[in-house]
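Chemist: Dumping the structure here so I can ask a few things about it.
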Amino acid sequence: MKFIIKLFPEITIKSQSVRLRFIKILTGNIRNVLKHYDETLAVVRHWDNIEVRAKDENQRLAIRDALTRIPGIHHILEVEDVPFTDMHDIFEKALVQYRDQLEGKTFCVRVKRRGKHDFSSIDVERYVGGGLNQHIESARVKLTNPEVTVHLEVEDDRLLLIKGRYEGIGGFPIGTQEDVLSLISGGFDSGVSSYMLMRRGCRVHYCFFNLGGAAHEIGVRQVAHYLWNRFGSSHRVRFVAINFEPVVGEILEKIDDGQMGVILKRMMVRAASKVAERYGVQALVTGEALGQVSSQTLTNLRLIDNVSDTLILRPLISYDKEHIINLARQIGTEDFARTMPEYCGVISKSPTVKAVKSKIEAEEEKFDFSILDKVVEEVNNVDIREIAQQTEQEVVEVETVNGFGPNDVILDIRSIDEQEDKPLKVEGIDVVSLPFYKLSTKFGDLDQNRTWLLWCERGVMSRLQALYLREQGFNNVKVYRP
């Protein structure tokens, strides 16, 4: 099988040297992502496209899906590459390929040609289109807005029969821009802002301020791992967790109620800036949107920025919440975000929307900054690829099984869309559907006399959720890995 990767248009207008660098980086990213599917896969770069050739037909859908999620790709063409002799040979091959698709449809033929030939692209379009129209009685030519467009590419003595076109996510290849550190909470905003910077070519590391204990961190790890695995797995990134409970405690004890929100954000920026400097990261990324909450007014954002020289990027600054939620739905983080607790919102009952710098600084004089220094010094920094391995160690008391007992039930915790696309059926055992984002509220309603075997395709989510349920006191859970 063969795929032709078309570049994001902004790449094609770069200077020659920059364009070549971008294409080289994108080629490497594609190799890094796809090597998990087929080690014999070949990735070949050209001036205006990249070819991907693979032998394992069983991995075709997985490879195609992975390509649509790699930043820098505008669209993917799935093609059949065959030799040809003349225009009539092109027609005959097109007839075999497209006959079934054109039955009862209106169509047109579009041809791109490279190389030396005794015919033009329009000649091929007319010849093939006329032939298809004659040989498929129920088909009809329509040059504007046809139901089916037959795409052909002729290159020297090769014919590319385009079997399908699939849109990519566009943007720049990861690694073409510098690294950033995303302040991730697991909510709608931070997940979307992280994705937007990945799509713009940045390697995104994650910094999490833990305000809610182990369960909160597990949830945010899931979001970060999902984003990395889905859009950024071509590169290694860090997941940095900072235990911010001592900082919150100090703020609650010593800071005036109205100033708490702004001061908490200032402390977060201070801590994140130190982490960024430690790891050579150039900028911070937040999910703040203008006026969304009290700390996100222009006055307050300026005061928050003042505590650090590190550049702070806010890709969602002009977005409304509905737009952000729609983006979260598109990239797959909506379900995570809906069940993620929001701890920052409860810290202040009457927050100021227009903080005064002198008052903020006066309040911060009461704060013991050694506490902030200590939590930054004790950050937990892990390679995001190790999250699954760490989860295995953390849930060592949760048994992993590949067989069944008489009291066992498989609990499919994938999202509803995934379950509908690939229903799980296992002979001889009941399978119950309960998406992961409903486990925290609905698992207790299940029959607690049964043993529930949590299952997801990769096993990461099932292990994380097993740990969470164990922490909640449910001992009748295991992880199912066939």
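Placement of Cβ uses the backbone N, Cα and C atoms for every residue, glycine included.
Just lifted these from Swiss-Prot, have a look:
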ACT_SITE  Cys456  active site, cysteine persulfide intermediate
BINDING   Leu183, Ile184, Lys265, Gly287, Gln296  ATP binding site
DISULFID  Cys344-Cys456  disulfide bond
DOMAIN    61-165  domain 'THUMP'
DOMAIN    404-482  domain 'Rhodanese'
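Any idea what these are sitting next to in the structure?
Modeler: Within the same chain, the residues at least 6 positions away from Cys456 (active site, cysteine persulfide intermediate) whose Cβ sits under 8 Å from its Cβ are Asp412, Ile413, Arg414, Phe436, Ser462, listed in sequence order. In the three-state DSSP scheme, Cys456 (active site, cysteine persulfide intermediate) is classed as coil.
Under the DSSP three-state reduction, Ile184 (ATP binding site) is assigned to coil, being neither helix nor strand. There are 27 other CB atoms within 10 A of the CB of Ile184 (ATP binding site), with all protein chains counted.
Within the domain 'Rhodanese' (404-482), the DSSP-based counts of helix, strand and coil residues read 28 helix, 17 strand, 34 coil.
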Chemist: Do any residues at least six apart in sequence from Lys265 (ATP binding site), in the same chain, have a Cβ closer than 8 Å to its Cβ, and if so which, in order?
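Modeler: Residues satisfying the criterion: Ser295, Asn300, Ile304.
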Chemist: Quick one: of Leu183, Gly287, Gln296, which of the binding-site residues has the smallest count of other CB atoms within 10 A?
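Modeler: Gln296, out of the binding-site residues Leu183, Gly287, Gln296, has the fewest neighbouring Cβ atoms within 10 Å.
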Chemist: Can you work out the mean pLDDT of the predicted model over the domain 'THUMP' (61-165)?
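Modeler: Averaged over the domain 'THUMP' (61-165), per-residue pLDDT gives 94.
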Chemist: With DSSP as the reference, give the number of residues of the domain 'THUMP' (61-165) in helix, strand and coil.
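Modeler: Across the domain 'THUMP' (61-165), the residues distribute as 38 helix, 38 strand, 29 coil.
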